[in-house]
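TrEMBL annotations:
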TRANSMEM  A:20-42  transmembrane segment
DOMAIN    A:20-244  domain 'ABC transmembrane type-2'
TRANSMEM  A:54-79  transmembrane segment
TRANSMEM  A:99-124  transmembrane segment
TRANSMEM  A:136-160  transmembrane segment
TRANSMEM  A:167-186  transmembrane segment
TRANSMEM  A:221-241  transmembrane segment
Amino acid sequence: MHAFGQILRIETRLFLRDPAAPLTTVALPLALLVVFGLIPAGRQPEAQFGDLPFIQYFAPSLLVITLAMTGVNILPTVLATYRERGVLRRLSTTPASPVALLAAQLVISLATILVSAVLLVAVGRLAFDVPLPRHLLGFALALVLGTAALLALGLLVAAVAPTTKAAQALAVPLFLVVMFFGGVYVPRFLLPDLLVRIGGYTPPGVQALLDAWTADAPQPLHLAIMAAVAVVAGAVAARLFRWE
Amino acid sequence: MRVIEVTNLHKRYGDLVAVDDVSFAVEAGEIFGILGPNGAGKTTTVECVAGLRVPDGGAVSVLGLDPRRDPRRLRERVGVQLQESQLPDRLRVGEALELYASFYREPADPAELIDRLGLGDKRKTAYKNLSGGQKQRLSVALALVGNPEVAILDELTTGLDPQARRDTWALIEQVRDTGVTIVLVTHFMEEAERLCDRVAVIDRGRVVALDSPAGLVSRVAPEQRIRFRPSAPLDDRLLTELPEVTAVHRSGSQVVVTGTGDVLHAVTSVLARNQIVAAELRLEQSTLDDAFVELTGHRPAE
């Protein structure tokens, strides 16, 4: 436990020391929220956004940025780099286990997502009148399952990629798909209906987040898909993961 | 006291036999070298000793423990420096040592170790900003921070410039003087000759020789070669009839005499008796390089 605490402390420092990581995961979505929030038109309800203001409609997609960056970009890259450079192997020659390092990375990912979600909800509420999630339990569930699905996919990438380059080659397209269907690149109201519907089922499940945030309980099928992705990807990753 | 005992170790990766049949024992307090061409099975052997790989056959005992059954207790007492094992770029020297010290029950004092390894002024330097020699010293420091009884060091000086290599050697001798038993994997003959008390030469997964560096040299290649330019014409027969001399050649104006035992004394005595001065006299003795070639049929890699 002592070793795990030390590893977590050091890994957190390293995460914060790399300015790109906190910037892309937490600062970027928050900055976008502020920018759209400051545009007056962004705060007017519109029929095309389901009678919501744009900022409210778009907020779940901002959360997708954090989730995608953390889960399918930073996590697999860090793990693949650590494996390629022999960091994991060196750890396995000491009384500490490389599992502790993996666990520390997951804790940091979860903390990043939690911090970003709290900031987005709080700043949205305090500065731009975005209501707190209407269905709190549903929102928490959608966030937890969406996070689990993306972290599992990130672990799967780290498990199957033999090198850092290979990890990035796999992670980048996955990242683009997650971001696209999450409505980050093109707001979803501009997408054809079919793509919007597909986006409800691709991790992290932007529709479930939107439903719970603005209206009602998320659809069980949306949540079930995220849980299934998390379990399957996580199980395959656990089977295939190598320390060296 | 035997600290490490390896008996008929066998390890294969699929169809590839990495270690065929390796046996050796390491005594307490010695620097034991494992020498061999690339792909001979050196690294796999020490990985089995360190408990990083599970042997397919044979027995390994380290400090009386079986690395397979007691990996945790073993890792408390054995420090390992792996080939090509790096650290995160932004991790600082002091942080790395404190982190690794926290893994052990009775660690060395990280600050003192940093000073001892000459990294005192690099405490706050990030790993990526260290030179090759400094990275290597940090790597040795991490292998020692748990106060191990045995240190396994794999390809310690590969990629270092000659000065950094010599500094690292001095460091290893210093570590041995504190009572740590050291297993050194290397393909540098000079390194083995300078540091090792005994050497196991491994080739194609087998131990082909096990002796002190001097013992290996004399056993494999006892011949000495004397070169000189005689000041006056010299009849070869004066030399060939000496019992110590095995052959005499001419190379331009130089005479090359090969022989065994006290051949230098015999040759110079004959020359003196005949009032011939041996100019540019050189004695060439076999080195561990020659022994290595003889034993494995390979040139040592550089």
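Placed from the backbone N, Cα and C atoms, the Cβ positions cover glycine too.
Not measured: the values here are computed from a predicted model.
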Candidates A:54-79, A:99-124, A:136-160, A:167-186; stretch with most C-beta pairs under 8 Å toward the transmembrane segment (A:221-241):
A:136-160
Which listed range (A:20-42, A:54-79, A:99-124, A:136-160) shows the maximal number of Cβ pairs under 8 Å with respect to the transmembrane segment (A:167-186)?
A:54-79
Are there residues at least 6 beyond the ends of the transmembrane segment (A:20-42) whose Cβ is under 8 Å from a Cβ of it, and what are they?
53-55, 58-59, 62-63, 65-66, 69-70, 73-74, 112-113, 115-116, 119-120, 123-124, 127-128, 130
What else in the chain is close to the transmembrane segment (A:99-124), if you only count residues 6 or more beyond its ends and a Cβ gap under 8 Å?
3-4, 7-8, 11-12, 15, 22, 25-26, 29-30, 33-34, 37, 55-56, 59, 62-63, 66-67, 70-71, 74-75, 78-79, 82, 87-88, 91, 130, 132-133, 143, 147, 151, 154
